[in-house]
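Taken from TrEMBL, the feature transmembrane segment covers A:21-40, A:60-89, A:101-125, A:131-151, A:172-193, A:224-243, A:278-297.
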Amino acid sequence: MTAEAVRAKKPRQIDDGVIRNLGLVGVLIILVVIGIVTRPELYSDPTWVRNNVLTILQQASAIGVVTVGMTFVIIGGGIDLSVGAIIALSGVWATTLATQSYGAAGMIFTALVVGVAVGVVNGVLISYGRLVPFIATLAMLVSARGLAAQISGKQTQVSANDTINNIASTKLIGIPLLVWMLAAVVAAGWVLLNRTTFGRRTVAVGGNPEAARLAGINVKRHTLMLYALSGLCCGIAAIMLTSQATSAQAAMANLYELDAIAAAIIGGTLLSGGRGTIVGALFGVLVFSTITNLFAINNLSTEVQNMVKGGIIVAAVLIQQFRYRSLTQLLKR
Amino acid sequence: MSAPGATGAAVPGAAPVLRLTDVVKTFPGVRALDGVQLEVNEGEVHCLLGQNGAGKSTLIKVLAGVHHADSGEISWLGEPFAPATPQAAMRAGIATIYQELDLVDDLSVAENAFLGHEESRFGFTRRRSSAAKTRQILARLGHPEIPARRLVKHLPAAGKQIVSMARALSHDARLIVMDEPSAVLAHDEVANLFRIIRELTAQGIAVIYISHRLAEIREIGDRVTVLKDGRTTAANLPARTTPTRELVGKMTGRSIEYVFPPRRPRDETEPILVVAGLTRHGEFADATLAVAPGEIVGIAGLVGSGRSELLETIFGARRPDSGTVTMDGRRVTGVGGAVARGIGMAPEERKSQALLLDEPVYKNMTLASFSGFAHGGFTDTRDERAAALKTADLLELRPRDVDRPVRTLSGGNQQKVVVGRWLLGGTKLLLLDEPTRGVDVGARAELYQVIRGLAEDGVAVLLVSSEVPEVLGLADRVLVMREGRLIHEAPADELDEDTVLDLVMAGSLLEGEPA
């Protein structure tokens, strides 16, 4: 009887997240249309279009991976301002001459371990040291980059490892390996959030920490794991960026924290925690990289681009505050 | 003091300054005030008496301009009165001292006294003149020793009370509403509070005094108005001579009979929960109790008596200063351990402590057990839904839809979700803190059935409620808690409501009341 009853449930109303994602798809389409209108001669060449799409995706890959981790942290009620700095530290540590002597596996291992370790430090400070996430990760932002500069002696460290360097140029079935990596991380993130106990705990901890605690969930340990997860994503991103540049330096992945937070928020993640989607976050990232691309193909400066980005972030948060119903109320007036 | 009010008549020659007629205030789903009559004379201490939820707080907020009455008449100094904002009420001469002192810790005494109506010239605050005026007021209150420039956070509780009162006087108030002003005070400080109140009334200022302590009402009050379920059940009783029994009867005389499921005789069994000497300084002390499987034990006590804190400590959510909690022969030290031993808790603040309001019913029900449904870390929402639906049927959840966000459910059904959470986990001991708060009457009877049914299935239940009839009707055994101590224990059928209320309210600070 129960199984039947479960199946017989009434059709669910389309939920918020889907509407928002449709909206983001709409934004993407508008951006493409702007591209077609401004540079029709480029869009008339199918090969260029195909390559351009792959370029956009490839540019979105590293920041996309970071955004997945960031989305988990934000849904869990925190924030991680140190992601860019963690990438820099992971990248630099993985490309020291000593690390490079262990080969590609050693470099990848180092990048991941450094990322996770820094994430764990963030998590311990926040969970057990009871620091506000904003402060703890802000301090980490400064000190991790400082350490990266110290290790690299402020020099660009060139990667001499072909396996690493080839990651960025390898294609599988015509699609760059970096894009596959992003796809894999997004898929894993989606499953983790929506189909596992870890994901369920994340939503509970961010949505109502007291209720989660009184339901027997170890809120502190879970919070720690969220920052470790974010660190892991940064480690992966560090490898991707190092491969793309065939080098690493202390200034790499500058302001990634801003892009990742913005993408997660635009994707519908509630800044106060408890709600968010991985797919939305991916769309958020794609919107940003498409804008970047749009400016690039029109030969416009990055300054204008930054201003537009800021405007989009504000608009997205405004929409999040008003939400659909209050917006219609506003229009009725 | 031999006030003429003791006769029950209005003070001779003193005109009523405030009169409320049939005042009604509704909130979504609740009729907080349902026809309140109140008459306060110049220079009188008028006491408001009523159980929790009787509408006292709503009433004073209406007077203070925080809430607005839906209907009924309020006249103040002979004029119709409907303050739009708290500022308007203060300008009209009504000042309110709230139970939770609304002082800003990091401002000085003078700044707090004049908060919201700072003396200023061209936008600059006139600190010296404010301080001088504050000193005058403090002197008038008999506390010239409080430095006007000291930060409020450095003052003891009694000092903060004085500052609150200074703020009321800084408005030239003609009526001061005091919501349980003695709750935070020690014995000699209460005496000083009363001295101040007498000075105020001697100057013609009227005082509305709210307290749970009958003894205080006897000492300071002139007349008493009793509220019950948002209605005035008795007005202008003489404070000194009305028998306790009558006052208590007016407070509790139930308008609705709750339907309690019958108790069944139980075999004597070994207790499953044993609490020994549990203490948290400043909250409760030396709590010792035991609950057996299939038994419902009720703790009767007022808000602030330490009962919720006791429950949370048993659950491991607060760390005890001393004492032990033993479940099934094993110590419980944290929430994780408590849940693992089969303890479940439905906390007092349902929304903030128990529910993920935007998440569907089934996810809320499985919040403590979803790991048990999972396979290798992957959640099984199908099984969760099915189990939640089964529990929903057991609890008669309405609507019968486990995919609905909990936010859209009524209070009673939200409570069922919280209780259902622990049924799914195979809970052996259920801690219920005010399980029927905000639950309508029909749903209450259902919840009582559910709780009794659980006990009959062998679950031990420890229940806390400030509604004495609920504790008496539902529990097998009753513990009475007052000011952090369990002061009485008896089988529920050997107690009656008046006895428990006497125990709960007895003037613990000033003993010796006329009965």
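Every residue gets a Cβ built from N, Cα and C, even glycine.
Panel annotation: around the transmembrane segment (A:172-193), residues 54, 57-58, 60-62, 64-65, 68-69, 71-72, 75, 199, 202-203, 233, 236, 240, 243-244, 277-279, 282 of the same chain, lying at least six beyond its termini, place a Cβ under 8 Å from a Cβ of the stretch. Across the candidate stretches A:21-40, A:224-243, A:278-297, the maximum count of CB pairs under 8 A to the transmembrane segment (A:60-89) is reached by A:224-243. Among residues of the same chain six or more beyond the transmembrane segment (A:131-151), those with a C-beta under 8 A of the stretch's C-beta atoms are 73, 78-82, 84-86, 88-89, 91-93, 96, 118, 121-122, 125, 249-251, 257. The stretch with the most CB contacts under 8 Å to the transmembrane segment (A:101-125), chosen from A:21-40, A:224-243, A:278-297, is A:224-243. Counting same-chain residues at least six beyond the ends of the transmembrane segment (A:21-40), those with a Cβ under 8 angstroms from any Cβ of the stretch are 266-268, 277, 279-280, 283-284, 286-287, 290-291, 293-294, 297-298.
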